[in-house]
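Trainee: One structure coming up, written as structure tokens, with questions to follow.
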Amino acid sequence: MAASEVAGVVANAPSPPESSSLCASKSDEGLPDGLSTKDSAQKQKNSPLLSVSSQTITKENNRNVHLEHSEQNPGSSAGDTSAAHQVVLGENLIATALCLSGSGSQSDLKDVASTAGEEGDTSLRESLHPVTRSLKAGCHTKQLASRNCSEEKSPQTSILKEGNRDTSLDFRPVVSPANGVEGVRVDQDDDQDSSSLKLSQNIAVQTDFKTADSEVNTDQDIEKNLDKMMTERTLLKERYQEVLDKQRQVENQLQVQLKQLQQRREEEMKNHQEILKAIQDVTIKREETKKKIEKEKKEFLQKEQDLKAEIEKLCEKGRREVWEMELDRLKNQDGEINRNIMEETERAWKAEILSLESRKELLVLKLEEAEKEAELHLTYLKSTPPTLETVRSKQEWETRLNGVRIMKKNVRDQFNSHIQLVRNGAKLSSLPQIPTPTLPPPPSETDFMLQVFQPSPSLAPRMPFSIGQVTMPMVMPSADPRSLSFPILNPALSQPSQPSSPLPGSHGRNSPGLGSLVSPHGPHMPPAASIPPPPGLGGVKASAETPRPQPVDKLEKILEKLLTRFPQCNKAQMTNILQQIKTARTTMAGLTMEELIQLVAARLAEHERVAASTQPLGRIRALFPAPLAQISTPMFLPSAQVSYPGRSSHAPATCKLCLMCQKLVQPSELHPMACTHVLHKECIKFWAQTNTNDTCPFCPTLK
């Protein structure tokens, strides 16, 4: 629509007669529009009224169309805004072009086109193409009019003829006819301007030969734009001034910092020079000191080498003298030591292992006795009605039983560890001494047990024999038998109705006193039937007392003596006991009759203890008034490994075996004893040193 209106405005351009009035202002055509009020007034005078009115109508139509379009499409606000901007810009450019049509030149048209190009709107540029061409046609007409004016021709009426009606419409210049009418040819694009030419084609006709000047304000917003421009100019000046002030401040600060940095640089350079000077001084001193030290080092090294050579000579001389003396002495001792070393080492090793095993058995025996006692009390406590006292006593005995078991396990582990170390070559003296475990006191007595377990003939235990004071024979020597002795049986067992009667007399010289072993019997049962076999001898039935035959050989004599000493046992039981003793000792050689009787008594006491484990002990001994004497079993162990420098000689046929090492004892190596026991001097050496009474380790008899 804007293109058609512009085409209409171009068609209504001033005629040649009107353009004749522009000849006077031909010099002003090259000036830009809006530079001065005089030029604008001259242009306003030269502008035809018809062009101004057409321009105003075109602007109003464009604005109305834009408003109607925005009202019809409210959804496309963003796109319409840009479109409206383009339309307004196009209106301004068209108005400028129309203003330039009267007095502008082709340079002005180029400025308008460049303005549209700067806006970057291709559609607006396309819409300005026909306007530009129309303005070019107007300029061409104005030139023709100026020619006519110069030639002082009479104004003629120019008639624009209508071109062809086909799709490619062109304005061709009309040859001036005889009446003086000239045609104006306007070159336009066939494709872009065909539609606008079809819509409106006007013919300009000069009807009046007079011209009148009129003033029309073609730019009504110039004052507003000037005010706005001045305001923007003021703001820009203020901003420029602020930026300039800030720049000056920054420059001042940078100058101050630069001065400080320069001053600091000078100081650092000065310090650097001083440090370099100090480094040079130190380097010189270091070089001097280094040279001095190297010189002294060379001197000291030379002296050291001389001294070492002298010392080496003296040492070599002394070593040779000592070696010669030692070599003579060692040659004399080497043969003797080599002969004795293996023999004595093996004997000491076996003696240490045997001593450790003996002590372990004795300690475990004591702990097993306490364990059986606790188990018996727990058995009776479990059979009683549960009360507060029984529960408390049960807990105490359970605690005691657990402690005893732990102690027994620890004792076994410690002795086994020591035995293994000795077998691996460790010295017994270097191993720590295994302390004797101390049992805590038993729990306190309660009265309810006496009330519950009353003596009755049906519950009375049957003891095969009663044991008096029996001393356990010793197996191995010990450091201090007094501190290691302990009773095997703490509680005492007896029959409530029939006390035992001891048998007087004991056999053997220097043998400990043995209590008579008498079998209990009642009026209602025969003596033979009331003697059960000792515990641990299962499968061997006690036979009735029968007359024994006379001993035939040495074994029969030994059995006869043992059966006389222990009449409660028969021959089969005694043979079994002797077999157990032989198995435990691996041999019975070297034992005297007194020692054999002691071992048999210990075995019988052990069997009796096992049998007594089925009866109440300790806390319920009031139910069994007949006491069972304790068996005192002191333990003996060597305190250190023994080195034996001596060498055994050839033993005669009358020599006996040592009770410790089980080897023949020469008369010169026999340790004098008050008893008949045979021991090496070296085997009993540490026992004699640690025992103040100098007693035999196998019997408590003094020397």
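Cβ from N, Cα, C; glycine included.
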Trainee: Out of SER40, SER500, SER506, which residue gets the phosphoserine annotation in Swiss-Prot?
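Mentor: Out of SER40, SER500, SER506, Swiss-Prot attaches the phosphoserine annotation to SER40.
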Trainee: For the feature phosphoserine in Swiss-Prot, which residue out of SER19, SER25, SER516 does the record point to?
Mentor: SER516
Trainee: Could you let me know which of SER54, SER114, SER530 shows up in Swiss-Prot as phosphoserine?
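Mentor: Of the listed residues, Swiss-Prot records phosphoserine for SER54.
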Trainee: Among SER47, SER519, which is annotated phosphoserine in Swiss-Prot?
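Mentor: When Swiss-Prot is consulted, phosphoserine appears for SER47.
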Trainee: Given the candidates SER176, SER456, specify the residue that Swiss-Prot annotates with phosphoserine.
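Mentor: So the answer, going by Swiss-Prot, is SER176.
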Trainee: On the DSSP side of things, how many residues of the zinc finger (658-700) fall into helix, strand and coil, could you say?
Mentor: 9 helix, 3 strand, 31 coil
Trainee: For the coiled coil (220-379), what is the mean per-residue pLDDT, to the nearest integer?
Mentor: 91
